[in-house]
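Here is what Swiss-Prot says about this protein:
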type: SIGNAL; residues: 1-15; note: signal peptide
type: DISULFID; residues: Cys95-Cys124; note: disulfide bond
type: DISULFID; residues: Cys107-Cys154; note: disulfide bond
type: ACT_SITE; residues: Cys110; note: active site
type: DISULFID; residues: Cys143-Cys213; note: disulfide bond
type: DISULFID; residues: Cys144-Cys150; note: disulfide bond
type: DISULFID; residues: Cys183-Cys217; note: disulfide bond
type: DISULFID; residues: Cys191-Cys203; note: disulfide bond
type: ACT_SITE; residues: His286; note: active site
type: ACT_SITE; residues: Asn306; note: active site
Amino acid sequence: MWKLSAILLVAAASAVVIPGHREAPALTGQALIDYVNSAQKLWTAGHQVIPKEKITKKLMDVKYLVPHKDEDIVATEVSDAIPDHFDARDQWPNCMSINNIRDQSDCGSCWAFAAAEAISDRTCIASNGAVNTLLSSEDLLSCCTGMFSCGNGCEGGYPIQAWKWWVKHGLVTGGSYETQFGCKPYSIAPCGETVNGVKWPACPEDTEPTPKCVDSCTSKNNYATPYLQDKHFGSTAYAVGKKVEQIQTEILTNGPIEVAFTVYEDFYQYTTGVYVHTAGASLGGHAVKILGWGVDNGTPYWLVANSWNVAWGEKGYFRIIRGLNECGIEHSAVAGIPDLARHN
């Protein structure tokens, strides 16, 4: 039965047609918002406090969006019972990381954020809640750099390399700049917005520099566990199949995954609904965490956690059409399995 449902949903997704307009790719600002809201009814665009020039600093070079080669894909199994709706927050409600929206601020660290978020989730899930913590995006961002490593810090990085780094070097704990949670919390403060009643200073003119890699805890709360003893490791890192059912099976079985996609100007104007690219030029690449899926008025979607704080989108989340590889989101999924025995 689920296969028939899947076929019908893919057909529904394929039937989504956005009326073309020869000037749509060049639209910007209010003209873009007006066009998006008149051209389709799946999602709503609205004015954002942070301008486009600042949003681009949160993105990474599109060179980091290379789709996986078929021979590199490991996770290809398909479950016999895929539900129409799934939300990891409901499936594993006791895992603190799953419902946590982070803020990458003025740095293209999305690749490290999405990895740290999904790895935190999977560690909690695999341990049945025994290891329930937030793992550090800062540890990845600052230390997994260089030509033969993840990439270039705040300029972007390869998601699969972040997961391989976790397998080889492990990740320490670390939460947000605001909470100073764990061994190595994020060191770049939020900027240019009011979030949860706190007004942060204006963002700097230039992209924040990549934090320096240090092999010690940096929390201002004087975290007691030494850096090397705080490491959490993975046993495997791999690419996930490009088919919808393969991605769903991986999430059902092991938890949220990391994906990357092309961001167009209309995406950052997203406020609610099921996103489908409608207008505006390409701005760069972005990595995020998929934690579920569903159907909204017949339109299948992925449920995704962004890292632009809770003031953006649907309280930090967004939904994007499922089954069309929208903006490349279904061809770059990566994941891994925690090594609980190796946990320090």
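Just so you know, glycine gets a Cβ as well, placed from its N, Cα and C.
Cβ neighbour count for Cys95 (disulfide bond) (all protein chains, 10 Å cutoff from its Cβ): 25. The Cβ of Cys144 (disulfide bond) has Ala112, Cys150, Gly151, Gly157, Gln161, Ala162, Trp165, His169 as same-chain neighbours under 8 Å, each 6 or more residues away in sequence. Taking Cα separation as the measure, Cys154 (disulfide bond) is nearest to Cys110 of the active-site residues Cys110, His286, Asn306. Nearest by CA distance to Cys217 (disulfide bond), out of the active-site residues Cys110, His286, Asn306, is Cys110.
Around Cys124 (disulfide bond), a 10 Å sphere centred on its CB holds 24 further CB atoms from the protein chains shown. Put simply, Cys213 (disulfide bond) is 17 Å from Cys110 (active site) when counted between their Cα atoms.
Residue pair Cys95 (disulfide bond) / His286 (active site) shows a Cα separation of 25 Å. Working note on the disulfide-bonded residues Cys183, Cys191, Cys203, Cys213, Cys217: by count of other C-beta atoms within 10 Å of each C-beta, Cys183 ranks first.
Taking the C-alpha atom of Asn306 (active site) as reference, the shortest distance to any of the disulfide-bonded residues Cys107, Cys124, Cys183, Cys213 belongs to Cys107.
The Cβ of Cys154 (disulfide bond) has 25 other Cβ atoms within 10 Å, all protein chains considered. The Cβ of Cys107 (disulfide bond) has 25 other Cβ atoms within 10 Å, all protein chains considered.
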